[in-house]
Amino acid sequence: MSQEKYIMAIDQGTTSSRAIIFNQKGEKVSSSQKEFPQIFPHAGWVEHNANQIWNSVQSVIAGAFIESSIKPSQIEAIGITNQRETTVIWDKKTGVPIYNAIVWQSRQTAPIAEQLKQDGHTKMIHEKTGLVIDAYFSATKIRWILDHVPGAQERAEKGELLFGTIDTWLVWKLTDGAVHVTDYSNAARTMLYNIKDLTWDDEILELLNIPKDMLPEVKSNSEIYGKTAAFHFYGGEVPISGMAGDQQAALFGQLAFEPGMVKNTYGTGSFIIMNTGDEMQLSSNNLLTTIGYGINGKVHYALEGSIFIAGSAIQWLRDGLKMIETSPESEQFALASTSDDEVYVVPAFTGLGAPYWDSNARGSVFGLTRGTSKEDFVKATLQSIAYQVRDVIDTMQVDSGIDIQQLRVDGGAAMNNMLMQFQADILGIDIARAKNLETTALGAAFLAGLAVGYWEDMDALKELNATGQLFKASMNESRKEKLYKGWKRAVKATQVFTQEEDADDDAK
């Protein structure tokens, strides 16, 4: 067998871990996936067992080798991408976590976040970290664990405990405890990292009483952090040389290297990230400012908008309403709709994300008539995804002053041609669907490969994930704006409905 060299990407997600082996053309050669248990101790709490995450990663590494007959010695480098914000604290000597990993979705630390807001720290934290104060980010999760595990604060102050997001935990495990690092993109999601000065922020650490010794060293997204311990990589001592949080890895995998380039991943929710270049731009409109990636001594900042419900709206049609049997079927139903009636579905099942950040909003439907069909309802649900993306894109253009020309897309719902065409129409710009939709893992592989010379430079990557299909806007301007104004009215009415409910409760 030829000793061709490859890059392995470890993609550690919220519900499963994957290992994917890529060749020099950026093609997937082998992959393995393993789910792991979700832990829900109380309503709104979401936790993982960090050792189960590690076990799942070991399993998929083996699986990728078994499927392909590729040997560990053929792996030139490893890239890691991960669910962001999820927090692990472990014993420095034994490597044993002192509590479950608190997952990014978990709301158990919301009271800590609310207290920070009430104490007037919103502006300071926003200006330093680019983030809003929220339980979403790692800072409140660290504080919660130190508060709730007996003796944890004292042990942390003695230097006996280490903190890490999942990237840090995996590197620490793969190197058998030799390396305690994170990267710019993951550090930027902790709410402890000053993204302007590129340092852990002493004022925020003091405010939350988090000992600095717990924190990992912050590195660029593409450099050799360490090598795998041979017994953790089937005899191979392989450089770990690329790391990025999942959405930033997708930005890199989409080759969005220039300011103004934007990608959207249509997953359960939708995550829209714009490369804003080397200038940190704080949003005035509820978008997050973060670090896209740092490479070759230069940091690229980004604006991010999160939409809570995208692909999960299609799952709702399938599992909740039983209107469709499979998710891909939604496209055929939508195309069969012959009505021009303006039906709007506002899928605020868990509130509205960017740019509204209205956690009280709930789902609603407007514009139904006796003539409304199942096909019309399915079409309106798909269109709601595109309308929400426009909400964020319009806001990004205002915040950045950049006129967006193209949206690069990936994720499961990006395979829906009807949705992609409507997305192009309602935005009035081109939609470029990646040829390789594995953009998150590919981004981690690219970062790792660049650090070891597997790919020469970023220009060499541009041929490796070309546009698979381009969707061009074809709707006339007046129709486009009429539809979008209807959407804005529907969102406003949805918010008013829950506001009036709150007012009724207050009156009681």
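Note that Cβ sites are derived from N, Cα and C of the backbone, with glycine treated the same way.
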Fill in: Candidates GLY120, GLY177, GLY401, GLY412, the one Swiss-Prot lists with THR14, THR15, SER16, THR268, GLY311, GLN315 as binding ATP
GLY412
Worksheet item: Which residue of TYR136, TYR193, TYR293, TYR301 does Swiss-Prot report at the same glycerol site as ARG84, GLU85, ASP246, GLN247?
Response: TYR136
Worksheet item: Including all protein chains displayed, how many Cβ atoms other than that of ARG84 (sn-glycerol 3-phosphate binding site) lie within 10 Å of its Cβ?
Response: 26
Worksheet item: How far apart, in Å, are the two Cα atoms that lie farthest from each other among THR14, ARG18, THR268, GLY311, GLY412, ASN416, the residues recorded as binding ADP?
Response: 24
Discussion item. Long-range neighbours only, meaning 6 or more apart in sequence with Cβ under 8 Å: which ones does THR15 (ATP binding site) have?
Written reply: GLU35, PHE36, GLN38
Worksheet item: Which one, from the binding-site residues SER16, GLN247, THR268, ASN416, has the smallest tally of other C-beta atoms lying within 10 Å of its C-beta?
Response: SER16
Response to the item:
Note: among binding-site residues GLY311, GLY412, least Cβ-dense neighbourhood at 10 Å is GLY412
Worksheet item: Relative to the Cβ of GLN315 (ATP binding site), which residues of the same chain, six or more apart in sequence, are found under 8 Å away?
Response: THR268, SER327
